[in-house]
Amino acid sequence: MKNDSRTFGASTVLTKTQNIGRISQIIGPVLDVTFPPGKMPNIYNSLIVKGQNTAGQEINVTCEVQQLLGNNKVRAVAMSATDGLMRGMDVVDTGAALSVPVGEATLGRIFNVLGEPVDNLGPVDASTTFPIHRSAPAFTQLDTKLSIFETGIKVVDLLAPYRRGGKIGLFGGAGVGKTVLIMELINNIAKAHGGVSVFGGVGERTREGNDLYMEMKESKVINEENISESKVALVYGQMNEPPGARMRVGLTALTMAEYFRDVNKQDVLLFIDNIFRFVQAGSEVSALLGRMPSAVGYQPTLSTEMGTLQERITSTKEGSITSIQAVYVPADDLTDPAPATTFAHLDATTVLSRGLAAKGIYPAVDPLDSTSTMLQPWIVGEEHYETAQGVKETLQRYKELQDIIAILGLDELSEEDRLVVARARKIERFLSQPFFVAEVSTGSPGKYVSLAETIKGFQMILSGELDSFPEQAFYLVGNIDEATAKAANLQMEN
């Protein structure tokens, strides 16, 4: 044994009693390591390879044990590039799973999968660390109440409400407003619920991660002057990282969120962008470990891996983690095993529509395609349910009439249908809303609309009280009183 005492990563201190093995085989990001008899590390233990490559450069690679092969060998997956590693190099067993910093010190900072800051703002002053592999809360700790998580965004709260401690799938292509919607949710949970957010960038583009960070600084979600006032911690494992890092970065983000829920007893928003990349990384690792692939080439452990992550995202009696997960659907095939497995865990879906974005209606949430298991009369109440159904029926009828309008024009419709179209166009515009985080771009101040105000506004449109108002009065306003005031101003101008 080497007499060595150094500190590595977030929380692993290596001492005299080190358990040291040697690399016996390297296949890409997978290492086989031989340990002395009776000194085998456990599954999920963190191993550290330190040394120098042939060019004399320092090497520091963290790996995670995935398989015990027999003959005193383990197979581990590297969390960073394995360039420069050689057979025969010493590998130190840390004796514990990978641990990452948690707590207030993480807010406003960017971390990698190992919990190391990557934003050039110096070390993180975190006194507490948690292992990334933790069991889900016990059944007795779970909160069984079905309660709505109010976001202050009209279209979401009315038509596809989020469940407190639930999981929401966010569907949308490039450039339809996913990032702005995510930032508005982060802003609103901080202001209305006193909560914090954790953003896990899993296997997405580095450019997008950088853009998100810059936009968060611009909209003051991350406060550069006083970093402790920031509302979000960012954890990135992007496309260029090895599959081991992409597979575990979701767990790192979740572990940071669990601290705020379990210790600080807060409501937390956890964003995962993109949950499909988590599955994809698991599939790569599974193939590298030599497992027989399952349907469509995915890993045989797909459901287990997804379940292990998703079951930790829940409400307890102390606090909640509400998760919003961007879902990439490969080749738009909803029956593909990756999205199909994800759907089994979702409580609501928010679908962003390019058609609405093209009309300038933001947030471009599709009111007919977005769904929620919470939209039941015994959960949200009769009034909310009836209003939501009325809005959906009106919009659906308008959608059916659009072909006739395109060919024959509005004048050929019956009086009743013309009224439906007029109300639907008002509803469509009233579903738009100015965002706090977009103030910089739009110039109009953001609005948080309570659920009661939202229901009242749509009831007034459906009942015909506001039929005389011009439809532009409903565009990009908060509650219905603002629409009334805007209508009065428009009439004055005319």
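The backbone N, Cα and C atoms fix where each Cβ goes, and this holds for glycine too.
Swiss-Prot lists Gly172, Gly173, Ala174, Gly175, Val176, Gly177, Lys178, Thr179 with the feature ATP binding site, giving sequence analysis as the kind of evidence. Under a cutoff of 8 A between CB atoms, and with a sequence separation of 6+ in the same chain, the neighbours of Gly173 (ATP binding site) are Leu352, Arg354. According to DSSP, Gly173 (ATP binding site) is assigned to coil rather than to any helix or strand.
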Cβ proximity for Ala174 (ATP binding site), under 8 A, sequence spacing 6+, ordered by residue number, returns none
Lowest 10 Å Cβ neighbour count of the binding-site residues Gly172, Gly175, Gly177 is held by Gly175
Hey, for the ATP site built from Gly172, Gly173, Ala174, Gly175, Val176, Gly177, Lys178, Thr179, who else sits with CB inside 8 A of the CB center?
Leu352, Ala357, Ala364
